[in-house]
2 protein chains.
Amino acid sequence: MNFSLDTIPFGIFSVKNRRKKVATIIGNQVVDLAELAHLGYFDGLKIPKRVFTNDYLNDFISLGKAKTNAVRAELQKLLAQPNQLPESVFHEVTNVQLHLPVKIGDYTDFYSSEQHATNVGMMFRDPDKALLPNWKHLPVAYHGRASSIFVSGTNFHRPKGQLCPDESQPPFFSPTKRLDIELEMATVIGKANSIGQAIDVDQAEEYIFGFQLFNDWSARDIQKWEYVPLGPFLAKNFFSSVSPWVIPIEALAPFQVTGEKQTPEVLPYLQEKNRHFFDVELEVILQTASGNEVKLCHSNFKNLYWTVAQQIAHHTVNGCNLNVGDLLASGTISGKEPTSFGSLLELTWGGKKPILLPDGAERRFLEDFDTIIIRGYAEKEGVRVDFGEVRNTVLPAV
Amino acid sequence: MNFSLDTIPFGIFSVKNRRKKVATIIGNQVVDLAELAHLGYFDGLKIPKRVFTNDYLNDFISLGKAKTNAVRAELQKLLAQPNQLPESVFHEVTNVQLHLPVKIGDYTDFYSSEQHATNVGMMFRDPDKALLPNWKHLPVAYHGRASSIFVSGTNFHRPKGQLCPDESQPPFFSPTKRLDIELEMATVIGKANSIGQAIDVDQAEEYIFGFQLFNDWSARDIQKWEYVPLGPFLAKNFFSSVSPWVIPIEALAPFQVTGEKQTPEVLPYLQEKNRHFFDVELEVILQTASGNEVKLCHSNFKNLYWTVAQQIAHHTVNGCNLNVGDLLASGTISGKEPTSFGSLLELTWGGKKPILLPDGAERRFLEDFDTIIIRGYAEKEGVRVDFGEVRNTVLPAV
């Protein structure tokens, strides 16, 4: 990883036994913003210094875009000449601990990739009617668990639960046999709306602070037995993971790509004047305990049918209130090519087409001690924005 | 309302322009615990006074049961002789504002009444197979929205959204025409478990601080169009409401009633040594703008198939972590008698059997300016525990 001056993300770090602070990163150098503030570098911006000496970014984000973008612009100016800054503000990334950057209030998971929804529908329902009737009319979503979202580097134990592969037999209790990943992006909400006040789709991006890589770990066998009629629960809430750096939406301005017209036409509250996605390359890598490394897929944040602005407009059209720090995940981002499918469920087509590893081993779903790494970056005409990675290892069931 | 010495619940109050503090209530007198602490009444208990001068109960609850029960016992002793306390600690309940008592982290809604699940299954699926195959094997649940849970007395606007009553036609945008209530109880989590650590069903009640009345407001027409395959979303997250006083689980010790044996036998992690429910009478009252008042139903917290202990054991069996202040709602509590059904959906059987009001008007679902009041109490051999009420009025769509 080599974070550029075009990125300037925000995160939370600590050095051993010291308290958490707000940071950015340039190259592989974590930059201590509390120290910069203490030294007076942000004095012109009239920002309370306490927002930088903080366990989470929420207070910083709550300053609003005018302030946070001013900090980002100041950092771009300062970090263009890093030699003029005191050494005390820099830390090798390998010498610090990176923490969950945002205190997440509510977490919502969307289901916004047409190819993903089609793949799942083909496997589990009628292949001729893979998309459900509501899918092209509204961005389907459900509420997820915020407490079990952890930062990259946190490992977790294979979850246990009820499985019932043959419903003519009673269910049994077991560690999941179908542990999967979902390649997603998470949107960090940067501004609250009041209860009862819908957010206009054309103003929705003002409510976005930025984005992170997101892995929506899933236990497919637990999911199959539990999810009708109220949706996924224990199949998802055992663990989710995010990358440590939040990339401000402003960094992605050069990477907007126009979205195709939607057919059928959506209802007016979902119609956008400037419909766009973000061209961010995404890849998923599997590392096994025996040293195999294989790229599972290569997708892109633009492989969605519903924009983040539409997700926000839909989420609030009934008056639901979003808060600073809420997380909206995109749902699995699968492109049209089979090599761009964002889950093992799709890549192995429900376990029927195993992935061959370099040493001859196979994977249908994940084994203990497998590590999954999601990486992301945007690059165009000399501008490069890095998302870093989210990396976690599966430990055996407790 | 006339809260007894057997109740001694906890809540958050403020008097005009003053800060929020922790309180209890006796009769109709709100008791200022911050003032009692300030005056030294809790000095023997070695509790930091700041937990009482607080916007939420979470810090108080986090002290743990040994401390919070000691405060409750001290209050029962002090309030047995209220004349010996200074007047400054008492406020008429009509002179104060009561606030959301707990900062809710994650909110989960269960679906634990057999009669409710059967009624819904009969209306929407196959009457001969009303319960889905998983229902008697696990306490079905889904994650809900924490941000839109408000305290009794808060009113809200009728939500708008996509409706599609006839799926051969496209959906349209409208205020909901099928606004409903759900009579529920909410469990306030009082102790956290670590990620990866399941809670044993026989120890689960140690993780319960107490209970509140809960109204899970629902838009049935929005729900019908959106909920397959990932569950309810905008049909629920526009507004939910809780009563202002949290009743500690210890107050309900005299009201434990043994639960029937479950058939089929549940998996070992759900088998309880001392399986019990709580005998708490619940009623729902409708008041209309024109002055009608009618009791919609009379149910009981014991009308459940899954105990709260089983809900907690199931929720964490995959390692999911609960935090202090998380809320677990029971799902609609419907008994076997039609007069005990806990939603208009069931009471009017999907709108087919309207409720006749005293002035000859009818209700299938709620009209603007209708007020719903849920009340609860437990009474036995001279011991009475009051839950107070949760009361909200439907305002017209914005």
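From the backbone N, Cα and C atoms, a Cβ is placed for every residue, glycine too.
Annotated domain 'Fumarylacetoacetase N-terminal' per TrEMBL: A:8-101, in sequence order.
What TrEMBL lists as domain 'Fumarylacetoacetase-like C-terminal' is A:108-394.
Sequence-distant contacts of A:Glu182 (Ca(2+) binding site), defined by Cβ-Cβ distance under 8 angstroms and a gap of at least six in the same chain, are A:Asn215, A:Asp216, A:Trp217, A:Ser218, A:Gly331, A:Thr332, A:Gly342, A:Ser343. According to TrEMBL, the feature Ca(2+) binding site maps to A:Asp109, A:Glu182, A:Glu184, A:Asp216.
Within its own chain, A:Gln223 (substrate binding site) has A:Pro232, A:Ala235, A:Lys236 as residues 6 or more apart in sequence whose C-beta sits under 8 angstroms from its own. Taken residue by residue with DSSP, A:Gln223 (substrate binding site) is part of a helix. If you look up TrEMBL, you'll see A:Tyr111, A:Arg125, A:Gln223, A:Tyr227, A:Thr332 marked as substrate binding site.
Under the heading active site, proton acceptor, TrEMBL lists A:His116. Of all Cβ atoms in the protein chains displayed, 28 besides its own lie within 10 Å of the Cβ of A:His116 (active site, proton acceptor).
According to TrEMBL, the feature Mg(2+) binding site maps to A:Asp216, A:Lys236, A:Ser240. Its Cβ placed at the centre, A:Lys236 (Mg(2+) binding site) has 26 other Cβ atoms within 10 Å.
It is 13 Å from the Cα atom of A:Arg125 (substrate binding site) to that of A:His116 (active site, proton acceptor). Neighbour counts of Cβ atoms within 10 Å were compared across the binding-site residues A:Asp109, A:Glu184, A:Asp216; the minimum falls on A:Asp216. Taking 8 Å as the upper bound (exclusive) on CB-CB distance to chain B, the binding-site residues A:Tyr111, A:Glu184, A:Ser240 give A:Tyr111 in sequence order. Between the CA atoms of A:His116 (active site, proton acceptor) and A:Tyr227 (substrate binding site) there is a gap of 18 Å.
Cα-Cα distance from A:Glu184 (Ca(2+) binding site) to A:Tyr227 (substrate binding site): 20 Å (rounded to the nearest whole number). Here the C-alpha separation of A:Tyr227 (substrate binding site) and A:Asp109 (Ca(2+) binding site) works out to 15 Å. Apart from the site residues A:Asp109, A:Glu182, A:Glu184, A:Asp216, the chain places the Cβ of A:Leu183, A:Phe214, A:Asn215, A:Ser218, A:Lys236, A:Ser240, A:Ala329, A:Ser330, A:Gly331, A:Thr332 no farther than 8 Å from the centroid of the site's Cβ atoms, the recorded Ca(2+) location.
Broken down by DSSP into helix, strand and coil, the domain 'Fumarylacetoacetase N-terminal' (A:8-101) contains 40 helix, 22 strand, 32 coil.
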